[in-house]
Amino acid sequence: MAAASTPARSSAHLSQPVRVVLRVRPFLSSEAASATAPCVSLLGCHPGGGVTVQLKDQHTSRSEQYKLDAFFRQEDSVSQIFDQEVRAVIPSIFEGINATVFAYGATGSGKTYTMQGTEDFPGLIPLAASTILALCTGTWCSVEISYYEVYMERCYDLLEPKAKEIMALDDKDGNMQLKGLSWVPVRSMEEFQELYSIGVQRRKVAHTGLNDVSSRSHAVLSLRVSSTDVVKGKLNLIDLAGSEDNKRTLNEGIRLQESSKINQSLFALSNVISALNKNEHRIPYRQSKLTRLLRDSLGGGCRTVMIACLNPAEYQESANTVSLAARSCHIENFTSSSKQETPKLKIDMEAKLRAWLESKGKTKSIQRMDGLFSPIASKTPLSVSHMKQPTSSRIPCRVKAMDQDGGKIKKILFDPVVHVPTENIPREHRQTEVNTPKKVVLPSVTPCNEKHEASLRKALSPISSNMVPVEQQIPDNGNCPVLLEPQTPIEKRNIVEETPGATPLERFNALGSNLKVCMVPLLIL
């Protein structure tokens, strides 16, 4: 057995690769008769650290080699894995650096045994809890634990008497938080064992064709260390459910659905590891709840130990497990006592756009951009800034114009605007475009007489229900152009109203017809 040395710890920012170790479980009694030798073996150790392992199929000549950090044979105990790999990461949680240890492998490869163990041979979880509680003895530090599972892409608290679903949410810093997860303080190994045994009994397991007690969910036990109500760090111990071949397990019904969800989450894990190895900008952590849980452990801010468990009698399953484990060796986590701040760079996009336009020789575009970003243009309303013609040549709404030859009134009804040629207006009376929208009023050529002023005052009088057409209110002998606002006609007794037998509908129709004829927004005499 060989193991690579653990890199030195530092509270400053450092690059820490994910440590990947292999554990080959012993043959079971049912496998010992048919198996001659394990499908995986150790080839050699490297001086700088790491080992090379070989996988060989007993039935064919196929052989593969992989380089990993450490290798543990069938005769090596779980306590040796803890002493050489897990114990080294525990002090980091007292320095504010989180740590994660998780077991990965196919179904029946010994993952649960590695993490839980037995009463006589405790696994990594009891050994880690005992070590942390011993380090907290005689100090102001306290220990809390939580235990939950991910079953069918849903999270459940295993320390609650009833099955309680908890929500996986992201906080403002992008870290995943489990809403509703209970944290229970423990002060001794007796209290820990009592709580842990209750959670193990509530975890979902079932019988399959390859395993009598097969885990149907991913289980996560977290030990959190606090000092004077300030959380220092935590250790996550994860027992992943194993990938399954439904042809061999003969799963049906709910077992088949569970197997499908387990394989999907493990496939998402392989996609995350592949993206991290390729240094891709987008890592698909959100493909499953499992990858969201392991986000801080793979490519995040944790010190991580991955234990790849192998079945010595199954070559193909072992080859798949070791292939994923070898790719995980190249993943680097960036551990730091404080969270890295994302650099905030201020980029002058206007200057970049101007430089690009100048390089392309687009002078007209630069001139338009100068007008767009100028202070005057930024204050101009959209309804005025888009106009290309001067305001003096644009008269809004409907217009009544006087025919100079016949002296008759003719209606010019244009919905949007009426364009009046500027050459018909004296130069001294022409207006230029302004920044704020104003009413377009043509100045008078001759002064208005008192008769016109009186008609204007009457036009601005309150609206009456009795109205006459505007044509009857306009004098024919005036030649003074006057701009009238939307006006109210002169009051007049309605013939329909005076009729004794007129119905309300007839009165309404009469008023409506007068309104249509009389209401004209703009009048030019």
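Note: Cβ is positioned from N, Cα and C throughout, glycine not excepted.
Automated prediction, rather than curation, is the source of TrEMBL annotations.
Not measured: the values here are computed from a predicted model.
The annotation ATP binding site is assigned in TrEMBL to Gly105, Ala106, Thr107, Gly108, Ser109, Gly110, Lys111, Thr112. Taken from TrEMBL, the feature domain 'Kinesin motor' covers 17-331.
Annotated features taken from TrEMBL, shown on the structure.
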residue: Gly105; record: ATP binding site; Cβ neighbours (10 Å): 28
residue: Ala106; record: ATP binding site; Cβ neighbours (10 Å): 21
residue: Thr107; record: ATP binding site; Cβ neighbours (10 Å): 22
residue: Gly108; record: ATP binding site; Cβ neighbours (10 Å): 25
residue: Ser109; record: ATP binding site; Cβ neighbours (10 Å): 26
residue: Gly110; record: ATP binding site; Cβ neighbours (10 Å): 21
residue: Lys111; record: ATP binding site; Cβ neighbours (10 Å): 26
residue: Thr112; record: ATP binding site; Cβ neighbours (10 Å): 24
Q. Hey, for the ATP site built from Gly105, Ala106, Thr107, Gly108, Ser109, Gly110, Lys111, Thr112, who else sits with CB inside 8 A of the CB center?
A. Arg25, Ala103, Asn211, Gly242, Cys309, Asn311
